[in-house]
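Input: a single structure, listed below in structure tokens.
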């Protein structure tokens with residue numbers, strides 16, 4: 001009973017990156033800039049997809065939800081991390097810790113299923129272009145998006161339930177910049193073997209599902225059997241950004257959680273954690289936008305309209321006086 005009470009009132013200390021004053025300032029500026037660019041890029045892309053009627057297609061609906069989840073991932077971690085750079089009180093309660101991990105896990109798992117939906121969309125567009133509108137209807141698109149969020153919620157609920165069964169003791173210092181499961185397992189007074197097994201099974205199965213090997217095989221096979229070089233190039237450019245995003249995201253998560261012995265490696269997983277929680281959400285809007293002619297053309301038109309409106313205002317202001 002004492003152990004249970006102890007675990008319920010537990011507080012942790014997030015040690016973060018470093019206590020060196022000069023390095024702390026540099027890191028704060030770097031991570032604040034990353035967070036700012038991430039939020040502007042992701043929310044800007046969501047707004048563009050929402051406003052522009054031409055982007056109301058399955059691919060962009062999935063993309064809009066993907067970058068929205070990237071914003072959620074970044075917002076779950078970065079504000080607390082930035083606060084801890086200069087705050088003397090680096091404590092975080094057990095429930096705050098669980099909430100932080102829940103929203104991170106929700107965002108990452110939903111991302112996995114959204115990437116899988118985008119893989120299917122890419123497969124239909126390349127392999128069955130004539131049946132695209134039949135196979136990728138709006139109803140199916142909404143169902144797949146809703147399914148991604150439902151599945152995304154299920155995974156963190158299971159993980160948090162198993163985490164709350166653990167009893168934490170010792171220094172309560174989490175040698176990390178956020179509440180991740182692996183550092184929490186290291187602080188457990190009891191053997192977290194069951195938790196590790198559940199994490200390995202869930203993380204492994206989600207990644208295998210997400211990669212959608214069969215879809216990629218058919219996509220690549222169809223592309224390389226195309227007779228037209230122009231058609232092959234167009235097909236590759238359509239799915240290249242998705243291939244890049246999936247490979248970076250899935251490889252980092254598999255390396256982080258699905259490899260044996262990950263719990264016993266101490267703070268060696270921090271660089272990988274920085275990459276998939278902060279860098280990938282920063283890169284995604286640029287990966288999908290800069291390689292997409294449709295998005296670039298729409299952005300150019302919006303910029304031209306803004307310039308035109310600004311010129312009209314300048315011309316009308318002398319007339320008004």
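Placed from the backbone N, Cα and C atoms, the Cβ positions cover glycine too.
Per Swiss-Prot, the listed range annotated as transmembrane segment is 26-46 (candidates: 26-46, 173-193). Membrane topology taken from Swiss-Prot puts residue 17 and residue 299 on opposing sides. Among the ranges 123-143, 144-164, the one that Swiss-Prot lists as transmembrane segment is 144-164. On the 0 to 100 pLDDT scale, the topological domain 'Cytoplasmic' (291-321) averages 60 in the predicted structure.
There are 24 other CB atoms within 10 A of the CB of residue 179 (disulfide bond), with all protein chains counted. Of all Cβ atoms in the protein chains displayed, 23 besides its own lie within 10 Å of the Cβ of residue 97 (disulfide bond). Sorting each residue of the topological domain 'Cytoplasmic' (119-143) by its DSSP state yields 22 helix, 0 strand, 3 coil.
DSSP assignment over the topological domain 'Extracellular' (78-97) gives 13 helix, 3 strand, 4 coil. In the three-state DSSP classification, residue 179 (disulfide bond) falls within coil.
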